[in-house]
């Protein structure tokens, strides 16, 4: 009997199936592409800050946006949130993000000097 | 290995238990203790207000009483009592053998208990907190004694326990459901516990941050709220109510779940509009986050902001109304049994609707300027919290008592208790609407004679005394009914928790049940042989070992809190050392649990 049935922590034996192999190859490709893309985004952020021609007014929101893109890519491609069986993690994550973002935005409006 | 457990002493067993059923009972016992304590504080306040200009307690003591009454009832009584039911019942309702993280479950309980004890020790060590349960700054940051330090640190510790338990329930309900128990087949109590746990997950961090800022301000001289240093006092109110409003729904949603179970069981009908009920629960949970500023209409956040929050608040009446109508339609045409549990559920409907109606009145931001900080508000929130949560707790107690303790509470005494409590409750709080409209502010230690407040306050105090007599009747009932042994399914129940033998075995289900419909047990009674179908062969059951470490982790934080309050750094270091040491032991010590053998299970279940 396969030792996995009684002990899930036992090492896997045998080769992965053709389907699993294709899946792994696809995943590997995706990870390399997203890794290169993230290095590209990081260098753009660095260039934006380093160059004197780009004003701070543009640079700060711009690098914050690409930082956000990187966080999402990190979660989905490297921390495997895009795989099946993560539905609940996704729901909780985005609900939390939505509630927090709405709360913080409202607070910034309400605490300011101008009253609406 | 399984026999090794039986030799240990009873006390040691309860101190180290990780069994969700025992932890549930521990929550109920300690929550019940704090409930009695909070009730005592309420009675002392009502005696002081029974006659004008009475000197029964000093104004300072009155402030401490009202603060501790609110804090105790919300954080140390209502929530733990609901956690007690959730702990005991939710795993049974979804066909699980325990919660997802039994060790964390125990840690959550002990953190709550040590936090609660810490807050209450302030009575003996220089005075209890006296700034109201909302602890508004600058009153709490600049003008209060060490009582507020106990409040801040005690709530921080017990809040940590609540957060841990909330996450535990979320993971349990998502991952541990029996085969066939899809989300839309879950009993409504499990659903509402799920939504309440999600609210805990998202709301408690706001309280944690608020308390942290207040702690830094009081103990380390930070200036977040100090206006003369550029701070802003309103930030505290926002942080507190971003947590505080969802907290109200954390309390009421599980109570809604309890009523849904009871009304369906005692009407002998499927819950009317099950999917609408689930949807309404989710909507209430979501909207609960969008309305916090309605506690702050008079702060001066601006007319547009007030209007938006007023409309959002009123919107909550819609899903709540859906629920009320669904309960009424569940009763409609049902074969209604007027058991004590069902009386509480039926008494809840009009009581809670009255609280809801005054809620919509308070949500009208223009009128709120008149109601704000008067007894009208006191009447409103006691109508929703007693009329909703407390009636729910008592309904749940009478309903699940046979499952939890193996005996039925006496029905005659129970009905006396119900009528006395309901009557006392309305007597106490109905008149407070008018006291408030006449202009009596809340949180004042006394009032002057001849202003039309005398007789109404007297009536209110008489009602409070009736409520405490009723509660004593309940305690008597608990003792005298012990001999009243109950069968496993005394109410002809519909959900999984009634399909197992009584007393509930340590492993809950000898075989994980197969769920074929909503109201799984009822379906088997109607379409099967009345017994739950098994989803797996009978086999050895893996159980977790108990552990004393949760107590040491909580004790460490308790000691560290004293070090912080009295500025003795070594004590803080020792306390944190104990906590971290216990965490370290937990991390390196391997603990694989033990097995209950197939033969022992067969013997206990009386088969083969």
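Heads up, residue numbers simply count up from 1 along the chain you see.
Each Cβ is built from the backbone N, Cα and C atoms, and glycine gets one as well.
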From the ranges B:235-259, B:485-509, pick the one that TrEMBL records as transmembrane segment.
B:235-259
Cβ under 8 Å to the transmembrane segment (B:102-125), counting only same-chain residues 6 or more beyond its ends: which ones?
16-20, 23, 26-27, 30, 34, 37, 64, 68, 71-72, 75-76, 80, 83, 87, 146-147, 150-151, 153-162, 164-165, 167-168, 544, 547, 549-551, 553-555, 557-558, 561, 586
Counting a contact as 3 or more Cβ pairs under 8 Å, with residues at least 6 apart in sequence, do the transmembrane segment (B:341-363) and the transmembrane segment (B:375-401) touch?
yes
